[in-house]
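J.: Structure provided below as structure tokens; questions to follow.
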Amino acid sequence: MGGTPRSAGSRLTCYTIAKKALLVSVLLLLPYFTWNAVHMTYPRFYSPVAPARTDVNSLTPWLAPIVWQGTYDPSFLEDAHREKNVTVALTVFAVGKYVKFLERFLSSAEQHFMVGRHVVYHVMTERPEAVPRLELPPGRSLRVGLVDKHSRWQDISMARMQKLGELLEDIAQEAQYVFCFDVDMEFQGPFGVEALGDLVAVLHPWFYKRPRSIYSFEGRPASTAFVMPADRLYYYHAAVFGGTPASVRHLVLSCSRTISEDRDRGVEALWHDESHLNRYLAAERRPTKVLSPEYSWDSKMVPAREVRIIRLATVIKDYSKIRDNW
């Protein structure tokens, strides 16, 4: 209305100009995409045309890589991160009788965790005198922080999120990445730079091959950890999670908030901090990288055929002797 209609010739001219502009844009950007295909970490992990492994799922629906042995180029990643000279922080809580697992955890970490990288161990405990003295090579150090003791192991698990939120403010000043571990674990294979990412979670070994209908999400709407069935795509193990300090801090503060809201209502989530972590990763922000169960195996389980290596595993223990009467 009110304008002069364009002729067919005019429209054709505009269309031709637009096509040429698009072609020029593609040609200008081609070197960028070519460089990324050669140099960036992500394309070396996965190829949608020819995946490195066909026996496992190596990509999430939101295009985050799922890291299995054989799905990445170790030498390429080592070279790339050596140039970046990154520092990785590791946090672990050793409270109550769980302090007995600390020496094994740290000794095995020195053998397998980010070998050759700058690492800062942060041990949180109410018994600093029980922290073992390790001879660490240059570039690797250990710091001890104090935490309160709680009467129930469930409260310890959930209080961890709040304490991590405080600790990560300092970690952000010294490290580019951080991983948070349970102490009753033992490293058994290389846990290296292939695991680094903005927000990293690990598939729970109990559920990664099971139907989604039996995933152990919080199913009661009364809890803030409740997850809608449509969002229950993967179930993650709270024994290991990591990423950049900023992303991990956002996760733990969100979990700390929802845990507090549940406590105010007199509600306790089905699997405590793990339920809240899974709520965050399912409904608030999905991980940018997912680690296979190789990175948090249950020692009571016989490894499946697709699990070619166990990098980290639980320590077999009698829970009745370490969780009751601290």
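Counting begins at 1 with the first residue displayed.
A Cβ is built for glycine as well, from the same backbone N, Cα and C atoms used for every other residue.
Automated prediction, rather than curation, is the source of TrEMBL annotations.
These figures come from a predicted structure and were not determined experimentally.
Pulled from TrEMBL, these are the listed features:
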type     : residues                                           : note
ACT_SITE : Glu274                                             : active site, nucleophile
BINDING  : Phe93, Ala94, Val95, Tyr98, Asp182, Val183, Asp184 : UDP-N-acetyl-alpha-D-galactosamine binding site
BINDING  : Asp182, Asp184                                     : Mn(2+) binding site
TRANSMEM : 21-38                                              : transmembrane segment
J.: If you count other CB atoms within 10 A of each CB, which of Asp182, Glu274 wins among these recorded positions?
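T.: Neighbour-count leader: Glu274.
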J.: What is the biggest Cα to Cα gap, in Å, among Phe93, Ala94, Val95, Tyr98, Asp182, Val183, Asp184, the residues listed as binding UDP-N-acetyl-alpha-D-galactosamine?
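T.: That value is 11 Å for the farthest Cα pair.
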J.: Whole-number Å only: compute the distance from the Cα of Val183 (UDP-N-acetyl-alpha-D-galactosamine binding site) to the Cα of Glu274 (active site, nucleophile).
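T.: Taking the Cα atoms only, Val183 (UDP-N-acetyl-alpha-D-galactosamine binding site) lies 15 Å from Glu274 (active site, nucleophile).
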J.: Using CB atoms and a 10 A radius, I'd like the single residue among the binding-site residues Ala94, Val95, Val183 with the highest neighbour count.
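T.: Max Cβ neighbours within 10 Å, all protein chains included: Ala94.
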J.: How long is the line from the C-alpha of the residue listed as 'active site, nucleophile' to the C-alpha of Asp182 (UDP-N-acetyl-alpha-D-galactosamine binding site), rounded to the nearest angstrom?
T.: 12
J.: Within 8 Å of the Cβ centroid of the UDP-N-acetyl-alpha-D-galactosamine site residues Phe93, Ala94, Val95, Tyr98, Asp182, Val183, Asp184, which other residues of the same chain have their Cβ?
T.: Val92, Val99, Phe101, Leu102, Phe105
J.: According to DSSP, collapsed to three classes, what secondary structure does Ala94 (UDP-N-acetyl-alpha-D-galactosamine binding site) have?
T.: coil
J.: Can you count the other CB atoms that lie within 10 A of the CB of Tyr98 (UDP-N-acetyl-alpha-D-galactosamine binding site)?
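T.: Neighbour count, Cβ to Cβ under the 10 Å cut-off: 21.
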J.: Count the Cβ atoms, other than its own, that fall within 10 Å of the Cβ of Asp184 (UDP-N-acetyl-alpha-D-galactosamine binding site), considering every protein chain shown.
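T.: Total other Cβ atoms inside 10 Å, all chains included: 20.
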J.: Through the lens of DSSP with three states only, how would you label Asp184 (UDP-N-acetyl-alpha-D-galactosamine binding site)?
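T.: In the DSSP reduction, Asp184 (UDP-N-acetyl-alpha-D-galactosamine binding site) maps to coil.
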